[in-house]
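See structure below.
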Amino acid sequence: MTISRSSLLWTLATASALVATSTGFAIPRSAYQAHQVRDASELLPTYDYVFVGGGTAALTVADRLTEDPDTTVLVLEAGPFADPATTLPVNAGGTQRQPFWNFSSVPQARLGGQSFPVLLGRMVGGGSGGNGMAALRGSAEDYDRWGRLFETNELGWDWEGLLPYFKKATNFVPPPADVAERFNITYDTSYWGTDASIYTSWPPFQYPGLDPLVTAFGEMPGVEYAADSGAGRAGVYWFPTLMDPVKHERSFALNGHYENVRRPNYHLMADTLVRRVLLDDDASAAKGVEFITKNQTFTVDATKEVIVSAGAVHTPKVLQLSGIGPRKVLEAAGIKTLVDLPGVGQNFMEHVGIATNITIEGLRNIHPNGFDLVTNATFREWVESAWETDRSGPYSIAFNNIAGWLPLSAITPSLFESFAQELEAQDHASYLPEGTDPTVAAGYRMQMQQLAVAMRSRDTVFARFAVNATLGGTNPIMNQPLSRGTINIDARDPFGAPPLVDYRTLSNPLERRVLVEMVKWLRRYSFETSLGGLRPLDSAPGPDVVSDDQIAAWLDASSVLPSDYHPAGTAAMMPLALGGVVDQTLRVYGVRRLRVVDASIMPNLPGANTCQPVYAIAEKAADMIKSNV
Ligand SMILES: Cc1cc2nc3c(=O)[nH]c(=O)nc-3n(C[C@H](O)[C@H](O)[C@H](O)COP(=O)(O)OP(=O)(O)OC[C@H]3O[C@@H](n4cnc5c(N)ncnc54)[C@H](O)[C@@H]3O)c2cc1C
Ligand SMILES: *[C@@H]1O[C@H](CO)[C@@H](O)[C@H](O)[C@H]1NC(C)=O
Ligand SMILES: *[C@@H]1O[C@H](CO)[C@@H](O)[C@H](O)[C@H]1NC(C)=O
Ligand SMILES: *[C@@H]1O[C@H](CO)[C@@H](O)[C@H](O)[C@H]1NC(C)=O
Ligand SMILES: *[C@@H]1O[C@H](CO)[C@@H](O)[C@H](O)[C@H]1NC(C)=O
Ligand SMILES: *[C@@H]1O[C@H](CO)[C@@H](O)[C@H](O)[C@H]1NC(C)=O
Ligand SMILES: *[C@@H]1O[C@H](CO)[C@@H](O)[C@H](O)[C@H]1NC(C)=O
């Protein structure tokens, strides 16, 4: 009998869904799930730890805490369990059908008064269940800046201190040898671990159109290739996908930190919205939370800690509704101020996108390509059968696996130094909303001074230029925003309405100038390298938009995307005097037994998509909590 590669893979896949017991019998994985609480009557009288939100960070920490069988944990998640079929890579029909929070931002004054959708995962697993599955971590300097915000960095909030947690957070599976050789995918396993149940792996297929796109990066001045995405450098590099290495399904907090652990001490309740954290009588410590499920309100006590992990958009809402936040905001909404903490909901950051449309038309002649999927029935049949038989072929590609992650000195070799000087000399506070608390303004000034240094570095990523083998360049993303927004409760309906998400994109005018240079870089890459021989076509900004002023006007009118789905910073880990919300142990200033663990604690954004950084933060937080730090 011959065993085909595909049936062997399926046997492996099935085996991995079964768990061997000590007696040698295999039991279906479902029998090993943590305890799903379906009704409030099933709750224990108290828990050691109660989590607000059951997303990326929460499930990671809950998994680690319940490794100790004597620790009881309750996770309360607003969203449902997602239909597993929606968690496939997008090309295979996944995403966009998962449950999302999806509401409108505050109209953006500098972007023609438009509102933009705020899109966030709303399910068990949070953003990790609905994201593009790209696994990045950014540069070492991003984290070294975090470490320098405090007088001492004794808890290791820098690259050196976080690297062990990046290694702990995901399980790296190398790319298939044939694909790695064909496409020159390099990697360095010394930056990765192999113990986690969250996988970073590789699609077994790439389109050949990548060849000229990757070659052209190397023709641009100051652009270097880096050997591994985890090395903490800037440059052009390959990066893996957050997916199971065999089944090529999404690997995320639900299947990596909940479904795979059977622990009676790990309770989770879906479709349950936390209204607020409850403090004890003198408001000095958190004692539990108030939540709504099936239209009824309940409370539950946490004997050790409440951990807020509602994501960078909803964590400030929950804190403010709990009476923890800027007094002015709370008073306007009729919420009694229990802890006046000016930084809650401030320091809001996002990665900024540009809606360019510069295609490399000659890529249409390099086959196969994405168009062949539509026009060539033979190719499409192969693609479908490859996916059906062993989950290979183009459908296994989730987002993409290579991009240029470039420092400002490569984006604008002639201007980066003057931009750095301008940033240093700015009156930073004048770019924040009127009436901003002086501590918050001081934190912003400190961050902008750090970023001026980063502007001169070869290793802080200022922009992502991802490439698509079928079309060429994709929307460039600015990775070090210079503007800061706000997320506050809506005074008209503080509990019921979504929070007021104000990106304030372009409020620091230097941000626009960096975006202009990014557009010019993409044009030089498309027209002045060997790609120039492959019929580049500039449909947006378009050939009539030439001067810096014209590009700036084009950006302002309709072409800035204020979000790349990476909200962060709204409960920042910074000193109180710099507008911080949590200290280096991630405890909220002024309240005992209350921590925040999610993307809100990032003082500033890494030059990377944020999922892998959130996993690393969560692993580090779990270690601190377990060792009573
Ligand atoms: C569309 C999209 C694409 C993305 N693409 C990528 C990518 O390709 N790569 C990458 O690295 N990152 C990507 N990201 C970002 C990444 O997924 C997030 O940064 C990360 O998941 C955030 O984790 P978190 O723990 O901070 O918050 P989340 O994972 O968002 O968890 C917060 C949870 O809290 C719940 N919640 C909120 N309020 C309440 C409440 N009051 N009561 C109870 N529960 C509540 C929410 O429903 C949610 O499940 C993407 C995000 C999105 C939305
Ligand atoms: C979000 O809402 C907008 C506006 O209602 C809609 O156009 C869009 O399709 C929604 N997106 C998702 C992913 O649900
Ligand atoms: C890989 O290297 C070969 C040989 O140098 C080159 O022809 C090809 O364009 C490269 N492809 C990619 C995707 O880097
Ligand atoms: C929840 O309660 C509100 C008002 O109390 C009512 O209008 C609504 O129908 C209820 N919903 C469910 C699902 O019971
Ligand atoms: C269609 O795809 C098949 C399989 O990839 C290929 O052999 C064939 O040349 C393609 N046909 C055309 C017209 O491009
Ligand atoms: C590239 O763009 C095409 C056309 O929009 C799309 O179908 C495809 O999924 C994208 N990704 C890759 C990896 O080609
Ligand atoms: C990009 O430009 C091409 C060619 O002009 C056009 O067909 C396509 O619709 C444009 N894409 C977007 C996303 O606007």
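Cβ coordinates come from backbone N, Cα and C, glycine included.
Feature annotation from TrEMBL assigns signal peptide to 1-24.
The feature FAD binding site is assigned by TrEMBL to Val274. The Cβ of Val274 (FAD binding site) lies under 8 Å from the Cβ of Val52, Gly53, Leu76, Ala78, Val289, Glu290, Phe291, Ala310, Val318, each on the same chain and at least six residues away in sequence.
According to TrEMBL, the domain 'Glucose-methanol-choline oxidoreductase N-terminal' annotation covers 311-325. For the domain 'Glucose-methanol-choline oxidoreductase N-terminal' (311-325), the DSSP-based tally of helix, strand and coil residues reads 11 helix, 2 strand, 2 coil.
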Please give the sequence-distant neighbours of the domain 'Glucose-methanol-choline oxidoreductase N-terminal' (311-325): residues at least 6 beyond its ends with Cβ less than 8 Å from one of its Cβ atoms.
52-53, 55, 78, 101, 118, 120-121, 126-127, 274-279, 283, 333, 335-342, 344-345, 348, 487-489, 494-495, 499, 501, 567-571, 581, 588, 590-591, 596, 598-600, 602
The domain 'Glucose-methanol-choline oxidoreductase N-terminal' (311-325) [mean pLDDT, rounded to integer]:
99
